[in-house]
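Right, one structure below, let's go through it.
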Amino acid sequence: MAKEENGKGLSGKDLPRNDLQSPFAVRKIKWEGLKITLHLLRYLRPYRMTFAAGMLFLALSTGTSLAFPKLVGSIIEVIEGKSQFSINQITLLLFVVLLGQAVFSYFRIYLFSQVSERAVNNIRLDVFSKIITLPVPYLEERRVGELTSRITSDVSQLQGLLSFTLAELFRQAATLIVGMSILFYTSWKLTLFMLATVPVLGVASVFFGRHTRRLSRKAQDQLAAANVVVEETLQSVHVVKAFTNEPLEIHRYRTILDRVVNLMLFAARFRGGFASFIIFAMFGGIVGVIWYGAALVQAGEFGLSDLFTFILYTTFIGASISGMGDLYAQINRTVGASERIFEILGETAEVSVEAARNAVAGDIEGRVTYQDVHFAYPSRADLPVLKGVSLDIRAGEKIALVGYSGAGKSTIVQLLMRFYNYQSGEILVDGKPVRDYGISELRKNIAIVPQEVMLFGGTIYENIAYGKPSASREAIIDAARRAHALEFIESFPEGFETIVGERGIKLSGGQRQRIAIARAILKDPKILILDEATSSLDAESEKLVQIALDELMQNRTTIVIAHRLATIRKVDMIYVLRDGRIAESGTHQALSTIPDGVYANLIKLQFETAIEKY
């Protein structure tokens, strides 16, 4: 737990930084933050007519509620014999007003909810669309749970603004303006006396709102950190169970939840103290109004019905002022959430969604050339991974990259797919720099079959179709047949409609690999990357997968990354990497006869390891 307490999770990645700060260290709300939040209003534009209708019903419901004190005061006038109406008439009118308020409130809530649900849906979609189009380095620097929290928790905060806070802000403002006008018209003396309590309430509300925002933002960040722990634990549940570390993970989760509880309890003390103060100040103010109003009635400057109406309006205005304090706190919470959301939306995507949707595979042959390529990962710029790599792969040629772990084999293909940008040198496809291709156009021509196949939690059919979503069912079945997957697929009762489970957990390793190969066959790429595709399989599964790979590699430029050298004997050329450079190149036969060569030593090590196993 030491790592976690120092701001890092067990994976070594940073937890959200705000959870290490004092609650009083968070900056004040600024105009820049409010401007960011106001950008949300653009999401209301498609629903402006519905929003306008909601505002109309908001005005009507506010108007009916403001009529209530006046009608109650009229009852007092009837009792005093100063009204031409009867109690029954006024009571009936009160019921009509209350019914109208109920109807208007229903449509107000429904219309604003309709707007907020649709607008929030669009915000979530925009945030998700942005996240999946961001460069790989950005995504690798952040944890899945943290990004998930932006889409869930933070967007939920914005939903409150669009469905409740905006409407309440207008309603409370209207109540204050209209109510104060009525009070001044009724008695300016009593109104000025009542207003003496407003500055105290206002200052208290601002103070409370500021500290609520600080604590709320910290709680949101802690919840994001808790989501990260859940994501990591569930994604690595086999490792957790294998090491019997369930208690450790529970302790990690409990530690963060305890922080959330402590923050919430700290905030509850603020809320409790503020609520007590508001109750005392508001009712104390009403008692003062009654005292001074009674004196005015005795002096003949004021009627009893007017005093009764004035007190009700004062209560309404007091509630509005108190509500403004709550709204201020809610807006502060929304500002914090919107800042984090627009931080993501403001990032530069590597490709637009529209460009990815419309991208087509260009007519390329598949020649790949590396010219003196140098590269270091952005997170470790001082540690070069590739140090002047040069190689030339002819169209349709099959080559292999071998070397010790960390030599840079996987990095070479990641640069080809433009997951990262190299610092110097050049990578060419058909003589054209990869940077001159559109990213989606380039990747349309490349398929990868990784060692750890990632399947989505749908059906086998959907996972194969992922290679080319527009493909016909016949093409998908043919791809499964060519990948030697059709036999095991048809052995399932549901066939292609079999659910593979999360990450393909219901299928064996060999079955997942053949699904991945079928997906690649369906894509029909000009360039194929096999990233140690058989290294984790047993002998029987490896044989079936190798047959499927031989089918897939026909007439394609193929780059094989392999530790098990027995799988690459038939390739046209082998490049041996050591310390980020090409140390040797040639066929298997030529390289295996070099005395003390890197490749020869790798063969020797693998042979000795195999002997030790048996």
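For all residues, glycine too, the Cβ spot is worked out from N, Cα and C.
Bear in mind that TrEMBL entries carry predicted annotations, made automatically and left uncurated.
Marked as domain 'ABC transmembrane type-1' by TrEMBL: 52-333.
Averaged across the domain 'ABC transporter' (368-604), pLDDT in this predicted model comes to 85. If you look up TrEMBL, you'll see 368-604 marked as domain 'ABC transporter'.
Among residues of the same chain six or more beyond the transmembrane segment (49-69), those with a C-beta under 8 A of the stretch's C-beta atoms are 94, 97-98, 100-101, 104-105, 107-108, 111-112, 114-115, 167, 170-171, 174-175, 178-179, 182, 309, 312-313, 316. Taken from TrEMBL, the feature transmembrane segment covers 49-69 (among others).
Summarising the annotation, TrEMBL assigns transmembrane segment to 89-111 (among others). Same-chain residues lying 6 or more positions outside the transmembrane segment (89-111) and placing a CB less than 8 Å from one of its CB atoms are 50-51, 53-54, 57-58, 60-61, 64-65, 67-68, 71-72, 74-75, 78, 83, 167.
The annotation transmembrane segment is assigned in TrEMBL to 190-208 (among others).
Under the heading transmembrane segment, TrEMBL lists 274-295 (among others).
For 307-329 (among others), the entry in TrEMBL reads transmembrane segment.
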